[in-house]
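These notes are about the structure you will find just below.
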Amino acid sequence: MIENTAQAEAAAQENREEREVHRKIKKNAAWLFTGQLFGRALRTAVLIYAARALGVSGWGAASYALSIATFFTVFSDFGINALITREVSRKPEEKDAYISTAFFIKLAAVSALAIISVYLSGKITNIAEAARLMPIVAFIVAFDTLRDLGAAVARALDRMKIEGINNIATNAVIAGAGFFVLFRNPGSESFMWSYVLGTGAGLMFIAISLRAYIGRVLSGFRLSLVKKIISAAWPFGLVALMGIIMINTDIIIIGWIRSVEEVGLYSAGQKIIQLLYIIPTIIATAFFPTLSRAAAHETKFRPLFEQALSVIFMIAAPLALGGMILSRQIIELVYGAEYLAAAPSFFVLSATILIVFPAVLIANAIFAHDQQKKLLLYVLLGLIGNVALDLVLIPIWGITGSAIATFINELFINAYSWSKMKKINHFRILPRLGKIVMASAAMSATCFLLARLGIPLLVNILIAGLLYFGILYAAKDASLFKFLGIQKKIIGGGDGF
């Protein structure tokens, strides 16, 4: 009797812990999703207007400079943010030392990169207008790097509300300032200064939100942790850097060997895809602290990981297929007829969604197991492969060749990372995808037919989207119900996690 009572209490405790885990994941995902959705929507709105207001050439120069800024920002982090999130989640008693040491490492990196960006302003591009924007890039890199560290601290403390609000505030300032200068005095330089204002405001906002930790950040530096942080972070930093290189190398190489107008065209379609790429990042970030804690327990980790991966595939499928089928209509609606030449490259880039979405979560899962060094070959293949394929295919097919290079490269290197994750934890995802494949096929056929009938784009998207999620709902797909936060008991006999 006593034994049965103890077992019941243990089971009840396990259920409470599981509910708490799911509650935290939902809360974190809600804040991250809200912050990224509204923040990115604001930024994307001003970027689309900038593309229209500046024209293909002016937009190409601004886009080139922003690509350099993004590259430098990720390089200055080099995996430190993810490391801080992981280590503080695991060792809360050492959070002050880790956060403080990371802050000073980043400060040194930012200072070096700011000097480099100014010095190389006329040497890293043949586009004269873009070269004039390089000194402004230094400010964006500095503000964004330190702001991202603040977001990593909030994430590690499970206070993702701070990160969500900061994303909205930062992008609201960028959008407000951007629209103002584009209405008053449209030009690539004035538009870039709106980015400086927004990222600076974002840094100020997050510093105020974390003001209770500022004193400890300045006083908790530990020299012995410098080597430890850098040696642990750099493999994952290479993975993150590879992702940015995959996206931004295309722009840089197009700028070297083609025209500024082609930079503008490629960037137009790419910005839409980049907006969508944030979705798996939100999901992976929400799961990451929990995955890190569960990594030592294979039986706990596997269902949690499979659950996240199935949700990611459920979201990726309609976005990729819809983007491919409606590529021309999407480009014309968003940017205007002036940018229709971007449709073929956008078609190919849309296909990468099916590769990139799961790859983001897989990289995070490998990092949660502290196995990031297994990805070194993955990184080298990505860096070399993307540049080599770009240099071969861009002269032949222009910006479409660049998109094809990205697709081929991502396909091969992410197959490699998938195999590595299988060796760490033998997860199974195919049994969960049957209903998603069925719904995707029906949605694609409907979408294609409506497009051929001349149905307006937004109406087409609405009908196809309702059909897709309606089929999943009717089939009681577990991924959909998990995504919506509906409890398993409501599914009533559907697939479980």
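Yeah, the Cβs are placed from backbone N, Cα and C, and that goes for glycine too.
Automated prediction, rather than curation, is the source of TrEMBL annotations.
What TrEMBL annotates here:
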- 63-85: transmembrane segment (TRANSMEM)
- 97-121: transmembrane segment (TRANSMEM)
- 165-183: transmembrane segment (TRANSMEM)
- 195-214: transmembrane segment (TRANSMEM)
- 234-257: transmembrane segment (TRANSMEM)
- 277-296: transmembrane segment (TRANSMEM)
- 308-326: transmembrane segment (TRANSMEM)
- 346-368: transmembrane segment (TRANSMEM)
- 375-397: transmembrane segment (TRANSMEM)
- 403-421: transmembrane segment (TRANSMEM)
- 457-475: transmembrane segment (TRANSMEM)
Cβ under 8 Å to the transmembrane segment (97-121), counting only same-chain residues 6 or more beyond its ends: which ones?
-> 68, 72, 75-78, 80, 83-84, 87-88, 91, 131-132, 134-135, 137-139, 141-142, 145-146, 149, 152-153, 156, 213, 216-223, 225-226, 229-230
Distant-in-sequence neighbours of the transmembrane segment (346-368), which means Cβ under 8 A and at least six residues beyond its ends = 82, 86, 236, 239, 243, 268-270, 272-273, 276-277, 279-281, 283-285, 287-288, 291-292, 294-295, 301, 305, 308-309, 312-313, 315-317, 319-320, 322-324, 327, 330-331, 374-375, 400, 403-404, 406-407, 410-411, 414, 417-418, 420-421, 424-425
With Cβ distances under 8 Å as the criterion, find the stretch in 195-214, 277-296, 308-326 that has the most pairs with the transmembrane segment (457-475).
-> 308-326
